[in-house]
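Before any comments, here is the structure.
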Amino acid sequence: MVKSKRIVPVVVAVLCLMSPWEGYAARQSSGSDPLAFQSAAVDTSAINPVPGKNGMVVSAQKLASEVGARILSEGGNAADAAVAVAYAMAVVYPAAGNIGGGGFMTLYKPNEEPKFIDFRERAPLASTRTMYLNDKGEVVPHLSTLGWKSVAVPGTVAGLELVRRRWGRLKRNQVMEPAIRLAEDGFVLQEGDIELLNTSIQDMAKDSAAKKIFLKEDGSSYKVGDRLVQKDLAQSLKLISEQGAQAFYKGEIAQNIVKASKEGGGILQMEDFAAYKPRVFSPISCYYRGYRVLTAPPPSGGGVALCEMLNILEGYNMAKLGLYTKEAVHVEVEAMRHAYSDRRDLGDPDFVRNPVQHLVDRIYAKFIRDDIPKDHAVASDSLQAGNPQPLRKRIPAGEKVQHQEHAETTHFSVIDRSGFAISTTYTLNGWFGARVVAEHTGIVMNDEMDDFSIRPGVPNMYGIVGSKANEIAPRKTPLSSMSPTIVLRKGKVKMVTGSPGGSRIPTIVLTTILGVIDYNLNIQQAVNLGRIHQQWHPSAIQEERGTLKPEVISALQQEGYSVVGMDSWGIAEAILVGGPSLKEKGKAAYYGGVDYRHPGGGAVGE
C-alpha cells in the first residue's frame, strides 16, 4: 500500500491573466467556456515555473498531481505515476478524467525506442455508418453526443494496465490505492470542480445513476466546500485493483455497463469488451531547429498536423518576425490552414492507408512554404489534401466562425528522475461524456462516437468537417486531435507537453513549443501565451480575445483575413528539463508549467 504520509507539494494554481505584450489584458468574462476566467493582467516575467529535483507531475487537478508525485517519491517510475494520475483523475476530475473513455500516451524511456499507446475507444460491433441519421438521411440532434447510443467501447483500463505491466515497477494495488481512497473518502470541491459540474448537471439529472453521484440526496447541487464521495466508483476501482483489466472487460463491471446500455437504447455487447485491446505504435517523429518532436500518429490527426506546421515554420525566422506580429501570424495561420486541410482524410490505420510520411516530409513543407503568399490570405476552399499548391483566390471578407468548441478533454505530463517521460491525453469527449452512468459502477461513460464522421461533410461538435476515411465501422477508432508530445534534444527529454481543446489541440501544442524554442519564454510563460487557431474550415482566424494587438488585427483584415475573438481555450500542462527556459540553467532538474485557464490545476515537483 502507498504510505499515508502527505508530500508538501509545490503547487501552482494560477488564476491570473498574463502577457508579455500590451493589450493582453482585454479578456472576456466566463462565457460559453467554463474554463474562461476574467482577472487582472500581470507581467509573465513575474510568474515562475514550479521546480522539481527528482521528478515533475503536471495536471489539471492538483490532487491528481499530488498522487503522481507521491508515487514517484515512494519508488515508482513515470509509468507508475502516470497510471496513478489517470485513475485519480477519474475520481477528482470526472468531467474528462476517466475509466469509461480512452486516450493516447506518448512514452520515452532513456535507451529505449519511443512508443505511442493507443487506448482510444472503438465503435461497437453493432454500429453502422448511418446509425445517427433519420429516414431522410439527416443527422438526429444529440443522438451521437448524449445517452447510451453515443457510447463507444472504453479503452482506458486496458491501456493503463498495459503501461503498468510493461514499463512500471509497482504493483497494481499500490498505484491504484490513492484513487480508491479519494473515491471512498471523498474530496472537497473547489471552484473549478463546481464550474465543470454546472456544465452538465441538467443532463446528468435525467440519468438515475449519474444523479445519485453528482446531485445531493435532496436533489440540490453541490457547492464549493462540499465533499464529493463516490462509493460505487471506489468499488469498481477495487475490483480492477484486485483482478486487473479483466474485471472491467469480462467481469461484473462490463456486465453492468452492457445491461445499462441495452436498457438505455445503446448497442454495447459483452463481445465488444472482450475483443478490446490497446495498440502500441511508434510515434511520429519530426525535427524543429535541432529538437526532435515525438507526437501522435493516426488514429490521431493531431500529430501529423503539428509536425507539418513545425516543418513549414522552420523555414521562417520566427524570433526575428516577432511574437504575434502581423508577419508572424500570417505564416502561422497559413501553416495551420494547410496542415488542417491535409489531416482531413486521415483515419484509423487498420481501415485507412494514411499518407503520413508525405505529409510530414520537409520537402513537402518547403513546397507549401514557397507557395504561401506574403500579402494576402490563402482561400481555404482552394486547398486540396496532400497538394501543396492552392488555386488562387481570396477569402471573402467578414467570414465568421460558426462552430465553437470547448476544452473537453484533459492532459497530464510526467517525468521521473531517470528522464523517463510520459505525455498523456485522455477523454470522455464532451464534458462528462454521454452523461450516463451504469448502475453500481460509478463510471461516467464516453460519447466518443461523435468523433466519427456522422455524415461526411457535416461538422461535429468541434467544427471538424468529416470525411469518408473517418466514417463509422465496427471496431474502428475515430480520428482524434489529441497530441501528447515529448521534445528531445540529443537523445534526452527536453520538454513534455500537451493539452485538451478538441480540434485546437495541435495549435495549442504548437504555441507552447514556439514560445519555448523561438521566443525564449520560460515554460510557465509559454503555457500562459495567448492562443490563435485556424483549422481550414471555418476559415476565420480564432484568437483568445486580447491576444492580438488591434493594429495587427487591422493589418490582417486588409490582407483578407477574418479575425474572431473567442473565449479562452485549452489547458496545457507542460514540463521543461534543465532550466525554467532554454536560456536559463536552473538549480532544479525539472520545471512545471500549469495552465492559468483552469483554477484547480497543479504542477507538483518530487
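Cβ atoms are placed via backbone N, Cα and C, with glycine included.
Please treat TrEMBL annotations as automatic predictions, because they have not gone through curation.
TrEMBL names R120, T427, L428, N429, D451, S480, S481 for binding L-glutamate. Of G137, G491, G498, G502, the residue it gives for the same site is G502. D451 (L-glutamate binding site) sits 13 Å from T409 (active site, nucleophile), counting Cα to Cα.
Within 10 Å of T409 (active site, nucleophile), judged by CA to CA distance, lie the following binding-site residues from the set R120, T427, S480: T427.
For the recorded L-glutamate site, residues R120, T427, L428, N429, D451, S480, S481, G502 set the reference point as the centre of their Cβ atoms, and the other residues of that chain within 8 Å of it by Cβ are G103, E408, T409, E448, P478, M482. Over all protein chains present, the Cβ of G502 (L-glutamate binding site) has 26 other Cβ atoms lying within 10 Å. Taken residue by residue with DSSP, T427 (L-glutamate binding site) is part of a strand. The 10 Å shell around the Cβ of R120 (L-glutamate binding site) contains 30 further Cβ atoms across the protein chains shown. T409 (active site, nucleophile) falls within neither a helix nor a strand when secondary structure is assigned with DSSP, and so counts as coil.
G502 (L-glutamate binding site) carries a helical DSSP state (H, G or I).
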